[in-house]
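Q: As annotated in Swiss-Prot:
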{"type": "BINDING", "residues": "His266, His427", "note": "Zn(2+) binding site"}
{"type": "ACT_SITE", "residues": "Glu334", "note": "active site, proton acceptor"}
{"type": "ACT_SITE", "residues": "His335", "note": "active site, proton acceptor"}
Amino acid sequence: MVQVNFQVLAELDAAGRAALLRRSETDLSMFLEKVGPILEAVRTEGDAALVRFGRELDRAEGLTREGLKVTEAEFDEAFGLVEPEIVAAIRFAIGNIRTFHEEQAPEPMWLKELRPGAFAGDRFTPIRSVALYVPRGKGSFPSVTMMTSVPAVVAKVPQIAIFTPPAPDGRVDAATLVAARLAGVETVYKVGGAQAVAAAAYGTETVTPALKIVGPGSPWVVAAKRLLAGVIDPGLPAGPSESIILADETVHGGLAALDLLIEAEHGPDSSAWLVTHSRQVAEEALAALPGHWSAMTPQRVDFSQAVLCGRAGGIVLTGSAEESHAFVNDYAPEHLQILSEKPFEHLGRITEAAEVLMGPHTPITIANFCLGPNAVLPTSRGARTWGPLSVHDFLRRSSVGYVTAPAYPELAEVAKRLAEYEGFSSHANAVGPMRDAYLKR
């Protein structure tokens, strides 16, 4: 019989509470050891290593050196392989995602006159090249393609390339190609796993190297990003899926259970908790889960049961709404859904969550696919300092300053005084009489 993990927070000591905060993702130490040789092989062997690892690790026997990059014909064929209603859904989602990220995009530059004649501001320019990682291990993810591609295109990154694992026949998921083209990305490589991160970092005969890589992935991908952080910007920490459903007494526990399964079904390495101070809601959720499982595919049932019956998922019963809020902030979840008739009353208490979805009509599903905000989010408590993937992740920010001749003397005098105090003679000379002599010429 299935035994869902049920924890009463008041009954746990400090160690027990700390254990609830741990994610289910595997210890990376084992992967760090195994990934090292893969990265070195790609660096030294290039395309040959990509094909070899594609065949060995992704079982893509049909992969060839000539076929590492998706062709125009493959893009065109993809539209014939995906049902029209799915293509329409992808178009709809991309429209919302683009609108959101266009609103998010900053002006190219702003300047403010801080003192008469002294101006300073910020200037934003796109990163020269980025790699977008789209996983495939437990399913097809055109949604990840949309969420990574659209902000990069809105940011006007000149060189954008998608990396995604090939199927056994050496082909790429058709819906991923449809999403890529509709989003505005034309370069897709049939490379996944640690070897994709290495190819993006070092480049090969076929792959053009990038300055940054973004997108969620397996522990192999996470380990590779960590090892290559000095070569390529690894972006925000995006590992296995995680969520908290925060429910109060104003909703039915069956609804909370329905939404609890959204992230739990991603895979056995996901983390998913229902947090509530209402015992009735908790008991209703427990009672509803078997019925919800009966409406899922066997594989997704297995995944979600592994999560909810393991150490990284289940139900947490707290003593009060305030205690629930504190638990959420300690956990710093990737996804937070607030199930309440008055969700905004809870929102003010939440400080550490990458995504906050409010009310019974805003399930994680809608946000994952088509609401508009980005669904590539920091995991493993990354929400304590990181936010969702955004246009800003694809932009460089440079500060800009301009001082006019009338404003110069006042600023120079202050700067000279501070430079002399800190012992920097050249700093002081650059704003002293020596400069004045040159400026008078």
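Cβ atoms here come from the backbone N, Cα and C positions, even for glycine.
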Q: Measuring CB to CB from His335 (active site, proton acceptor), give everything in the same chain under 8 Å that is also at least six residues away in sequence.
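A: Residues satisfying the criterion: Ser241, Glu242, Ser243, Ile244, Glu263, Ala353, Ala354, Glu355, Leu357, Ile364, Ala367, Leu377.
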Q: Among the binding-site residues His266, His427, whose Cβ has the fewest other Cβ atoms within 10 Å?
A: His427
Q: Give me the non-local Cβ neighbours of Glu334 (active site, proton acceptor): same chain, 6+ apart in sequence, Cβ-Cβ under 8 Å, ordered along the sequence.
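A: The list for Glu334 (active site, proton acceptor) reads Ser241, Glu242, Ser243, Glu263, Ala354, Glu355, Leu377, Pro378, Thr379, Gly382, Ala383, given in order along the sequence.
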Q: According to DSSP, folded down to helix, strand and coil, what is Glu334 (active site, proton acceptor)?
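A: In three-state terms, Glu334 (active site, proton acceptor) counts as coil.
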Q: Provide the three-state secondary structure of His427 (Zn(2+) binding site) computed with DSSP.
A: helix
